[in-house]
Amino acid sequence: RRQRALLWGVLLATWEAAWGHLRYSVPEEMPKGSFVGDVAKDLGLQLPALIDRGVHIVERGRTQYFSLHGKTGHLVTAERIDREQLCRLVEKCVLRCELIVEGEMQVYGIEVEIMDINDNSPSFREVETELRMSETTAPGSRFPLPRAHDPDTGLNSLQSYELSSDEHFSLAVQEGPGGDQRPELMLAKALDREEAAFHELVLRAIDGGDPARTGTARIRVTVLDANDNTPVFSQAEYTVRVAEDVPVGSVLVTVTATDADEGLNGLVKYSMKKATDMASDIFHLDTETGAIKLLRIPDFEEGSSYELEVQAHDSGALFDTAKVSITVTDVNDNAPELTVSSKLKEIPEDAQPGTVVALLHVHDRDSGANGDVRCSLDGGVPFRLEKSFEDYYRVVTARELDREQVSEYNVTVRAADGGSPPLQSSAVLSLRVLDVNDNAPVFAQERYSARLAENNAAGALVLTVRATDADWGQNARVRYRLSEGRVRGAPLSSYVDSGEIRTAGPLDFEEKSKYIFGLQARDGGGLNAQCKVQIDITDENDNAPEI
C-alpha cells in the first residue's frame, strides 16, 4: 500500500512556475523523505550550483514539513503529513513555504496541496445503542440512529449506511440541511414481545475509498409490553418571567405531563433534552416532579432569555416534548462604574472659565432606567460637568478661581442610576490652586510717624513699618525701600527685607527738625505699594550760648 501511495504521489506531483511560484501536490501520510517536486529542474538550477547559491527552504509554522535534498535538488517531505490533523475544517489543504536562493537574492513561493487518501474509517461515537420500543409501535415508525463520522474528504468520506438483515426493521436515510446523511431505523413489521423480546442489529457505515473502509455500531432493540398511550404535557409551551435576584433554589415553573396508562407504563419522568451549557448551569429539572429550579442566580447582563426543551417519557419509549421560555428581567444590581480617565492635579488661579480639569467615564451594566446614569458634582465648588462623548464627561471650571480664598479643592463627582432605589458611586478629584501674583502688598497704615531725639547713635531704630501680601511663596515676599535718595548724605533707596527704619548717622535738630519721605513695599512679582513716613527730631541741649 505504501509503495502504491508513493507512486501515486509521484504521478500527482506537478509544478507551475509562474510569477515566482511553484505548485505541487502530494498525498498525505507519505513517509519522511518522499518526493514532492524537482525544484532544481523547475527553476533551471544546476545541481552543483545549489549549495554554492545557498538554496534552502523556509517555513513559517512550528513544524518543518518539507526540505530540499542537496544532492538531487528535489523537494521532499521532512515529516509524515496527516491531512486530517492539519486541515480538519478546510476542504482544500495547502501548505506554503519559500525557497530562498541567497546567491541570487531570489525568493520563490511554493504551494503544496495535500491530497486526501482513505486512511480513516467511519466511526460511531456510540458503538452500542439501545432502543426501547413498545410492541404496539405502528409499522412505519422511525427512530433516529447514531451517525458516523469520517474525517476524510470527497469520495473517501462517509458515503452510505447498511443495516443487518431483520424482517422487522429497515434502514431509511434522510438528507440533512447541510447534505449530511441521517440514518433512521424504520419499523417494517409489527413487533411481538412474546415472539422476540430483543432484536440485535448492526449498523454499518461505508466510505467511498478503494478499497472501502467501514465502521459498525451495535443496535439493541428492546421490545416493551403494550404501552399505547404517550405522555401529554398540559401546555405545549411554558412561559416564565423571573427577576435576576430570585434566590437560589427557587422553583420557577413546574411542567406537568400525564399518561393515561396504568402502572409503570403510566409513570412519567422528565428530562431536559435541549439546553445550552449556560442554561444547564443555571436551571435544574427535577426528573420526578418536573419542577425547574435555580442552581445559581441568573444574571440579566449574562443572558436575558433562555429556551429549554423538556421531555416527558413513560417507562416505555413514548414521550412528549414541550418548550420552556424563561425571560430574565433586569434588577438594579449594578452600581454605576465611574472611572477617572484623565485629571489635573494643579491649576493656576487665573485659568479661564471652561478649563478642563478632569475627563470621566461612566458605565452601568444594567439596562433601561436601571442603566441610565446621571452625573453631578457636590455643590459649593466653582466647577461644572459637561457631556463630552457618549458616556464621557468633562469637569471644567465654572468661573475664575481665587487661591487667596480657597487654595485646594476636593471635588466629589457622583454617578447615580435610574433604579429604585438608585445605586450610585463617587470619585474625589483633589485639585491644588497655584498662586498667581494678583495681589499687591498692603501697608498696615497709610501714614507712619515717629519722634526721635537728636544726636542719636548711627543705626538707631526709628520706626518699624509692615506690609502684607495675600499671595503665596515668592509672590508674597515683601521688601521695602525708601523713596528718597539720601538723608544726611547717606543713600537710603536700596531694598531691605525688614520694615525697620534706622538712622544712617546722628541727626541734628538745628540742621533739620523734620523728615518726610515715601516708603515703597514691593513683592516678588513686581507689584508695589506706597506709604508716607514723617519723623520729627526733638531738640536736645547740645549747644552753649554764644556771646
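Positions of Cβ are set from backbone N, Cα and C atoms, glycine also.
What TrEMBL records for 65-124 (among others) is domain 'Cadherin'. Confidence for the domain 'Cadherin' (65-124), expressed as mean pLDDT, is 84.
If you look up TrEMBL, you'll see 125-233 (among others) marked as domain 'Cadherin'.
Taken from TrEMBL, the feature domain 'Cadherin' covers 234-338 (among others).
Feature annotation from TrEMBL assigns domain 'Cadherin' to 339-443 (among others).
Among the features that TrEMBL reports, domain 'Cadherin' is placed at 444-547 (among others).
Residues or ranges marked as region 'Disordered' by TrEMBL: 135-158. Residue counts of the region 'Disordered' (135-158) by helix, strand and coil are 3 helix, 6 strand, 15 coil (DSSP-based).
Here TrEMBL flags 1-20 as signal peptide.
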Can you work out which residues elsewhere in the same chain, 6+ from the ends of the region 'Disordered' (135-158), have a Cβ less than 8 Å from its Cβ atoms? 83-84, 88, 91, 116-126, 129, 172, 180-193, 203, 205-209, 213, 215, 217, 219, 223-228, 317
Residue counts for the domain 'Cadherin' (65-124) under DSSP, helix then strand then coil, are 7 helix, 27 strand, 26 coil
Report the DSSP secondary-structure composition of the domain 'Cadherin' (234-338) as helix, strand and coil residue counts. 10 helix, 48 strand, 47 coil
